[in-house]
Structures are given as structure tokens and as C-alpha cells.
Amino acid sequence: MASDNLVVLNALDTARTQWYHVTAVIIAGMGFFTDAYDLFCISTVSKLLGRLYYYDPSTKAPGKLPHMANNWVIGVALVGTLSGQLVFGWLGDKLGRKKVYGLTLILMVICALCSGLSLGYSPKSVIGTLCFFRFWLGFGIGGDYPLSATIMSEYANKSTRGAFIAAVFAMQGVGIIFAGLVSMTISKVFLMNFEGKPFNVDEVLSTEPEADYVWRIVLMLGALPALLTYYWRMKMPETGRYTAIIEGNAKQAAIDMGKVLDIEIQAEGDKLAQFKAANEYSLLSNEFFQRHGLHLIGTMSTWFLLDIAFYSQNLTQKDIFPVMGLTSKANTISALREMFETSRAMFVIALFGTFPGYWFTVFFIEKIGRFKIQLVGFFMMSVFMAIIGVKYDYLRNKEHKWTFAALYGLTFFFANFGPNSTTFVLPAELFPTRVRSTCHALSAALGKAGAMISAFGIQQYTQDQDVRKIKTAMLLLAFTNMVGFCCTFLVTETKGRSLEEISGEDGRQNETQMKTTRPVSGHPDDGWE
């Protein structure tokens, strides 16, 4: 009820949607644009790196990254992301969201630029330098996950909060599209001026020397969106919930949020003690486990399982495209042509499969709810991956390539109109202000642990384009999604409720506590909602 809440928090919950909410989505969302661009553009350039630095004339085949080098080039940013999520998530609760929010962008800008540099021209020096800077790039990207989600959830009104958080995350879809588009455009420009011969015509001249500039330009352009939003991110005030509930300064919260919402909010201190008392327990306390333990297990497990499947799809699609017939065989084209075709296929799949799913979530999350979207998404992903795995021999024939592409695209669609979006939204809503950023970070970090399994494990099944291994990988991912479907029952629906009502910060019991105190009879008058 509104009367149980602080005036400033009630003002945030009931405020009409206005321009400031939109700018907050853009400012926070550009971090995810950068995140997706930087993490996924490596898929478009990794084959080029192999042809440039690992060509062996004795093999009579185009150069490709050794398994270990390939895993580290792709996976090291995920290791950095996991580390950054934990560090910045904790700092966001201890120091405040705003104080550490700009540092993530600084890391992204510097390390994206440095990713295009290398110390020397030997394979070890180039790959070693690239991995070093991509780790710290991932570290900055990781910090953006808990901070952006928490800031958006604490700024938004309760009727559109899920849509706003999902819109921030949907910028990841835009970033994935641009990763393909930019790679495609730059490689095409170089092709128009420096195209080499097909590999089966001339093994040496098929790898254009100018291609060494292409991958560097693609990676360095990832700094641009982060750089453009740094000033506006620094102009954002601390969230009213953190200022009021954690810092105990209801007056400053009222001033800051009054400016943001362009309304006058009365400062209120008499209810502040109630909220601070409800927030005193720590993350490792028995009280936290009783109140929120199942929810934390639910958000961590579902994000972990989702990212095994989602990152496996994104990071290995470059290996599956030739099997689908969407790109030419490597030994029939030049290095730049291979990058162009891989980028084009990635762009098409993202545009028609990945991108729409994000925005379906934005438009329907407040109507259908987080819980149902996540359940259906996990289930449909499992169905389509199982079909691909079982019918793989049939689908890999060239005459069925568009059926294959449609099924593959639908798995992306239901990942994003499903658990890839909702696993980001739910941890930003389920937990109390004092530990909200940390709990989101823990959930996201488990997700990146799943992504690391895909980068260092699942890729072993697809990199050699072995039919039996790819079938095994798809069936394994289908099973993983069904486990995620089951783990979804550990979380609860959050739509239409204030953050304080969901977490029990307003002095009332949250849903986990209600389950332990509801009477067996279950009559409405006996305490059921």
C-alpha cells in the first residue's frame, strides 16, 4: 500500500512514464550495446585471425586458430565479465550505484581501443595482447550488468518497471546486429579494394595482408558507444532508493528524485527507521536465506543454464554456418570473403531471430509476466534444439538450409523472448536494496560461468564441424534448457508490485516468508492473499 511506503519511493512507483525514463534506458542501454558488440564481434574476426597468424603450408588448408587459442580469444572476456560482475556488484551496494557506474565505461573505452593493438606480429604476441585487454574489457562489461539493472529498477515505476529493465537489456540485441553489420561493412570495403584469390587458387594470396587492419578496426570501434554516453551517465543522480534506505537521507532522495521526475516531493524521515531496520540483515545471514534464499538459487541456476545454451549458439554459429550452407567453404574463398560471409550470416540471423525476441519481451513482459515468458522460452528453446539435434542429417543438406536457418533462428527468438531477458530482469526486482546489486551480480556471474562452459567446452563439439559432435551438442543444449525450465519454478512473478513489497522491505512479509506461514486450510480468511 502506498501509505506504508516512503513518499519518495511511492512517487517513483506511481510516476507517469516520461522522457527521463527513456533517457535512462538509453544511457544504461548503451553499456549493453557495447557489451554485446564487444563480446560477439570476436566471433566474426576469429576465423580471420586464424588465417592471418596460423596458416601452415603443410596442411594444405586455410589457417585457423588452435583449439586452445580459439577458446581463450573468445572465452577470456567472459572470465573478465564474471570477475567484473562480482566486484562492481558488491561495490554498487557498498559505495552506491553512481560512484562506480562511470568506471565501467572508462574500462570499456580504454580496453576496446587497446584490443586492436598488438605487441609485435608473432601469433603468440598478438593473441596474448588481445587476450590481456579483452579480459579487462570484459571486467568493465561485467560491472555494467548489476549496476545498470539495479539503477533502472530503482528509477522505474512499478507498472512499467519490467519493460524498462528489459529495454535496457534489449540494447544487447542492437549491439549483436551492429557486431555483424560493422564487420560486414568493413570487410566489404576492404574486399572492394584488396580482394585476394580463393584459397584453392592461391593459398598464400588468399589471405590479404590488408586484412590485418580489418579485425583491429572492428574491435576498436567498440569504444565509440561507451565514449558517447560517459558524460550523460555521470550526470545521473544516485537512485532515490539507495539514498533514502541505505544512506538514510530521505531529504536528499526527495530533492534528487523531485528534479528527475519534475515534481515536488516532501522529505519524510519518520518512516525511515522502519525501512532501515528491515534492511539490516546481511547477505550471508540466516534471515536473508529464509526470506530470499530460494529466489537467489532460482535466479542463479536459471541464468547459469540459459547462458550455456545462449552463448553456445552465438559463439559457435560461425562453425555451423558453413554446414547450413549460409557461407562458403573456407578453402573456396579468400580470408576477407570468409569474414564478410560469416558477418552477413550472423547479421541475418540476428536481425530476424535475435533482435525481435528482445523487443517482444519489452512489449509483453507487463502483460504476460516474467515467469510465463521464462517458462515458455526455455521450453521452446529445448524443442527447437532437440529437433535440430535429431534431424541434423536431414537439415544439413543444402536444399533444406532455410529450414535449418528458420529453426536455428527460432531458438534465438525464444531465448530473447524468454529467459535471456527475464533472467536479467528478475534479480533486479526480487531482492532488497541493501543487497540488490550484489544478488544481481551473483546471478549474472553464474550466467557467465555457464557462458564459459560454452566457450571452453561446447565449442569443442562444433569447431571441427563434425556431424556427430554437433548433433550431440544440440541435444545436450536441449536437455540443459529443460533443466532451466524446471528451475524457473524457484522464482516468482514480480509484475505490478513495488520493489519494497516484493522484498518485504516495507515491513510486510515477502512471498517466501508467506509460504512458510500460510495455514494448511488455505481459506481466504486464514491469511491467503
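Numbers run from 1 along the shown chain.
Just so it is clear, glycine is given a Cβ too, placed from its N, Cα and C backbone atoms.
If you compare N314, N420 in Swiss-Prot, the N-linked glycosylation site annotation sits on N314. The membrane topology recorded in Swiss-Prot splits W19 and D466 across the two sides.
Note: the stretches the transmembrane segment (292-312) and the transmembrane segment (100-120) are not in contact (fewer than 3 CB pairs below 8 A, sequence gap of 6 or more). The recorded stretches the transmembrane segment (126-146) and the transmembrane segment (162-182) do not share 3+ CB pairs below 8 A when only pairs 6 or more apart in sequence are counted, and are therefore not in contact. 72-92 is the stretch from 72-92, 100-120, 162-182, 345-365, 375-395 with the greatest number of Cβ pairs below 8 Å to the transmembrane segment (438-458). Using a 10 Å radius centred on the Cβ of N314 (N-linked glycosylation site) and all shown protein chains, the other Cβ atoms total 25. Residues 31, 34, 38, 84, 88, 91-92, 126, 128-130, 133-134, 136-137, 139-141, 143-144, 147, 151, 215-217, 219-223, 226-227, 229-230, 233-234, 236 of the same chain sit 6 or more residues outside the transmembrane segment (100-120) yet have a Cβ under 8 Å from a Cβ within it.
Pairs of Cβ atoms less than 8 Å apart link the transmembrane segment (162-182) most often to 345-365, out of 212-232, 345-365, 375-395, 406-426, 472-492.
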